[in-house]
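Following: one structure in structure tokens, then a few remarks.
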Amino acid sequence: MNSSFHLHFLDLGLNATEGNLSGLSVRNASSPCEDMGIAVEVFLALGLISLLENILVIGAIVRNRNLHIPMYFFVGSLAVADMLVSLSNFWETITIYLLTNKHLVMADASVRHLDNVFDSMICISVVASMCSLLAIAVDRYVTIFCRLRYQRIMTGRRSGAIIAGIWAFCTSCGTVFIVYYESTYVVVCLIAMFLTMLLLMASLYTHMFLLARTHVRRIAALPGHSSVRQRTGVKGAITLAMLLGVFIICWAPFFLHLILMISCPQNLYCSCFMSHFNMYLILIMCNSVIDPLIYAFRSQEMRKTFKEIVCFQGFRTPCRFPSTY
């Protein structure tokens, strides 16, 4: 849970648990830093905006048959992960308000269990996001370098099985987190997964873009060749690069918090960094808000479907948006 809630727990007489992902912001009386207070309304607003945006993304993918392709199925999986972290922080903020204002009374054990559930949702979300981004990267790789065999390799059934495997794995991770929340090994495993994902993605991208230059030139030299699909694959890879960049920027402070929490919890500088945990949660929620904007900016088909849903389904009146394409 976020650090402000954790401090309220301390006021209620609860102690921090060593394995709690977000409750371990160390307070040091001699630390020159103070917790950064962020209004509850900010968490609620970001959570609600992200929730609505990602519902719109999922609705667009379901509605438009042109988006019924593996890449957008994986994008839908990423949208569900973003929606999950938004729901977690949204309901957590509401719970904070109800508990601290005495509108809700819960036993200590129930509060601690609820804390674990919220943290588990964040754990599931980050693992699902990493796996979905990796799946999109593999899909773009196959699109660019195995273009003629793409339809046979990335079938709808196979992509569905991959998504099912991703969420089964993520749910298992969340369950393990609840069961072993007091163990620092859970946090270490989560950090290791994040760093491994970054290494895999960096290696894949380096290989992808180095070969893409040679591949594009070779295919463009063929007589009568149309490079539309090739450009589409490269465009999808660039979209993925944007998604990955935003993911790293928004989640890196959270994982650095976890690393410092394990390695130097009593150090004043580490304690100072960890005292701003609420800001790192805001960044995580911003990631969920920004992702749908990237989909809309990069995909004309997605943007068109957004217009149809918002203008015709929502208001039942046609409206016009400026097009950049």
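Placed from the backbone N, Cα and C atoms, the Cβ positions cover glycine too.
Since the structure is predicted, the reported quantities are computational estimates derived from the model, not experimental observations.
The membrane topology recorded in Swiss-Prot places Asn64 on the side opposite to Gln266. Against the transmembrane segment (156-179), stretch 115-138 has more CB pairs under 8 A than any other of 74-97, 115-138, 187-211, 240-265.
At the 8 Å Cβ threshold, with sequence separation of at least 6, the transmembrane segment (187-211) lacks contact with the transmembrane segment (74-97), having fewer than 3 such pairs.
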